[in-house]
Amino acid sequence: MTTAHILGFPRIGAQRELKFALERYWRDGASADAERALVDTGRALRAAHWQTQRDAGLDCVTVGDFAWYDHVLTTLAHVGGLPRRFGFDARALTLADYFAAARGNAAQPAMEMTKWFDTNYHYLVPEYSPATTFGPGVEWLFDEVREARALGHRPKAALVGPLTLLWLGKARDGLADRLELLPRLVPAYRALLARLREAGVDWVQIDEPIFALDLPAAWRDAARPAYEALVPGAPKLLVATYFDDVSEHAALLKALPVAGLHVDLVRGDAQLDAFVADYPADKVLSCGIVDGRNVWRNDLDRSLARLAPVHETLGERLWIATSCSLLHAPVDLAHEPKLDDELKAWLAFAVQKTREVAALRDALAKGRAAVAAEFDAAAVAAAARRTSARIHNPLVKRRVAALTDADARRASAYPARAAAQRARFDLPPLPTTTIGSFPQTPEIRRARAAFRQGVLDHLGYLEAMREQVRIAIDKQLSYGLDVLVHGEAERNDMVEYFGELMWGFAITSNGWVQSYGSRCVKPPLVYGDVYLPEPMTVGWASYAQSLTTKPVKGMLTGPVTMLQWSFVRDDQPRATTALQIALALRQETLDLEKAGIGMIQVDEPALREGLPLKARDRAEYLDWAVRAFRIAASGVADDTQIHTHMCYSEFGDILPSIAALDADVISIETTRSNMELLDAFETFEYPNEIGPGVYDIHSPRVPDADEIERLILLALERIPAQRLWVNPDCGLKTREWRQVDAALAAMVDAAKRVRQTVEQAVPA
């Protein structure tokens with residue numbers, strides 16, 4: 001019979017139990033009692049998740065997908081590969097040691113963190129040097145196998161593969177090539193796999209998502225020898241690829257001496273034919289046809305039609321699965337009491353997706369009639385989504401269709417706009433500002449909670465937030481900032497806030513997914529055509545502007561970031577949805593301008609995150625992403641100044657696209673790199689104004705004026721004074737007011753010092 005399985009289950013718990021247990025553990029100083037409570041929580045979550053898989057009818061439960069903080073870090077712990085600078089004993093690694101690597105300690109900073117491929121999950125970046133060694137590590141995976149077997153489950157273990165583990169790391173201390181470490185890493189994996197076989201594990205899923213990338217030849221060539229060394233003495237190995245089409249590697253993957261392969265049919269449906277053709281008789285093929293990265297209910301009839309001919313060819317060698325781990329999906333739709341029945345009928349969270357996988361397996365094995373109820377309900381939902389007036393708004397579709405190239409262009413080029421803006425605002429050289437948000441204080445959180453619970457009425461909430469705006473304006477005036485912001489006290493999240501106010505978005509109560517460690521995010525759902533029924537931010541910006549004669553920036557989240565940080569409808573191209581959001585934001589910019597707001601910031605921190613994994617797909621993405629931003633921001637007059645903000649660890653490869661946004665001012669995150677990120681501007685002359693961050697807001701440390709002055713002077717080596725702004729790296733939402741007060745006062749002081757030396761060079 002065809003096997004049904006998933007690649008992984010969310011680890012945080014249906015009520016974010018892991019998040020709260022972790023935070024209690026850290027808050028209690030990693031005491032013995034706190035550690036016992038954390039370990040008990042982890043054990044209970046694993047048991048619940050395995051039972052969910054069993055109740056759904058899956059043929060095995062996935063073990064090894066659980067991690068206390070991050071699965072890449074946990075894999076390093078399994079193979080004794082944590083950074084040497086921490087000095088940990090790999091075999092005696094404690095939870096406190098593990099978290100020290102993730103979060104830093106008194107002696108060492110935390111490991112670097114970055115995005116897991118093109119998802120919104122963050123992994124901890126391995127550190128490799130010529131001295132790196134691997135070997136036996138923690139016993140956690142074997143403990144989990146024993147737990148699963150004791151509960152009567154059939155475990156399939158899951159591990160990040162050796163090639164991916166090396167690829168994801170960074171070379172340090174003169175290591176020329178991470179592949180040099182593969183001969184050291186393979187024996188550690190081989191020993192781990194041999195022990196899993198001894199523990200009674202029949203199958204091990206080895207995740208190698210790097211095959212979805214434009215993989216260099218040396219890495220491709222290393223795959224077969226590595227797996228030839230791994231297979232002897234190991235359980236059956238299922239090499240799992242996901243996140244994109246891997247058909248260019250089909251011959252290589254089919255030639256690997258493993259027992260099976262997994263392919264992602266959601267991100268690469270066309271690749272199926274390349275794998276089924278001449279598929280080896282000794283391998284299973286796991287087809288990931290239930291979307292592990294989105295929230296929409298599977299069209300089971302459509303999936304069955306896609307799988308049926310494959311089943312005829314492969315028989316029981318066809319496995320049914322999710323496209324990738326369900327780590328990226330919310331846990332359970334049953335915990336969404338506020339979503340209406342119509343919308344809920346279109347959705348499937350992780351628990352529901354396990355059932356979809358099993359239903360497809362049963363339909364192939366027993367016929368559709370055996371699971372008619374599940375299939376009929378899915379068919380009704382699919383039909384409703386295709387025709388619902390709630391999803392399809394003819395007015396929005398007409399507006400998108402009517403867009404022209406002129407709508408994506410400002411009336412004048414930057415030089416003319418800059419002259420008009422200088423005349424309007426009369427700012428000094430090196431103008432100072434912030435990125436947007438100020439501290440979300442306990443008072444703000446209490447007022448928001450009281451309002452949501454009905455304890456505080458709407459008028460009381462507005463008054464409480466207005467008081468916070470007044471505080472923010474008064475503080476900025478006391479610092480001496482040149483351009484102010486209202487502080488965003490009323491916003492719980494830079495995407496959810498706008499999603500609550502636009503038609504076509506829905507907000508969940510409990511649709512949390514893990515971002516990293518204990519941090520969870522609750523992405524909005526973009527279920528239909530996006531429309532703005534009324535202004536969203538004009539009241540707040542206008543009130544703030546009424547408190548000062550200095551310019552106050554209106555603050556918006558850009559269309560691409562709204563898209564990237566949401567669960568997006570899958571029934572039309574993402575580019576179309578981006579344009580719909582852009583049109584809504586365009587209306588908001590015009591409303592802000594009409595209300596007298598002369599500077600409007602449209603943030604796009606996720607522009608680079610949306611880059612496709614393969615280079616061949618990137619130009620198309622950047623074309624529509626840039627167009628969406630320009631649609632949002634180009635309707636205003638020449639003397640209205642458009643700002644944008646981006647936080648990247650690197651952006652040199654997309655600088656032409658950033659310039660093509662044609663924002664009057666861009667602010668970027670540069671402090672941690674000591675302005676090295678500005679090196680890209682030595683070969684590409686950015687034409688408009690720029691504010692490289694001079695204050696690292698991610699650290700509680702407060703810089704002094706001398707330190708900030710040094711950074712401003714470094715920036716002036718690359719950016720002309722007449723186009724340079726002075727600002728922090730990012731928003732100040734997570735900082736405390738005492739830190740903000742000291743840092744911004746120092747920033748203004750430093751800017752004034754440097755201003756005296758450049759004033760003569762800046763045109764009036």
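Even glycines carry a Cβ here, placed using N, Cα and C.
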Which candidate from Glu620, Glu669, Glu707, Glu709 does Swiss-Prot annotate alongside His645, Cys647, Cys730 at the Zn(2+) binding site?
Glu669
According to Swiss-Prot, Ile435, Gly436, Ser437, Asp603 bind L-methionine; so which of Glu463, Glu467, Glu488 is the extra one listed there?
Glu488
Check Swiss-Prot for me: it has Arg16, Glu17, Leu18, Lys19, Arg519, Cys520, Trp565, Glu609 binding 5-methyltetrahydropteroyltri-L-glutamate, so pick out which one of Lys115, Lys475, Lys550, Lys594 it puts in that same site.
Lys115
Per the record, L-methionine is bound by Ile435, Gly436, Ser437, Glu488, Asp603: how many Å separate the farthest pair of Cα atoms?
13
Among Lys115, His645 [binding-site residues], residue with fewest other Cβ within 10 Å:
Lys115
If you count Cβ atoms within 10 Å of the Cβ of Cys520 (5-methyltetrahydropteroyltri-L-glutamate binding site), leaving out that atom itself, what do you get?
18
Between Cys647 (Zn(2+) binding site) and Cys520 (5-methyltetrahydropteroyltri-L-glutamate binding site): CA-CA distance (Å):
19
In which DSSP state, out of helix, strand and coil, do we find Glu609 (5-methyltetrahydropteroyltri-L-glutamate binding site)?
coil
Work through the binding-site residues one by one (Lys115, Cys647, Cys730) and name whichever has its CA nearest to the CA of Gly436 (L-methionine binding site).
Cys730
Cα-Cα distance linking Arg16 (5-methyltetrahydropteroyltri-L-glutamate binding site) and Ile435 (L-methionine binding site), given in Å to the nearest integer:
30
Would you identify which of the recorded positions Arg16, His698 has the most other C-beta atoms lying within 10 angstroms of its C-beta?
Arg16
Counting across all protein chains shown, how many other Cβ atoms sit within 10 Å of the Cβ of Gly436 (L-methionine binding site)?
26
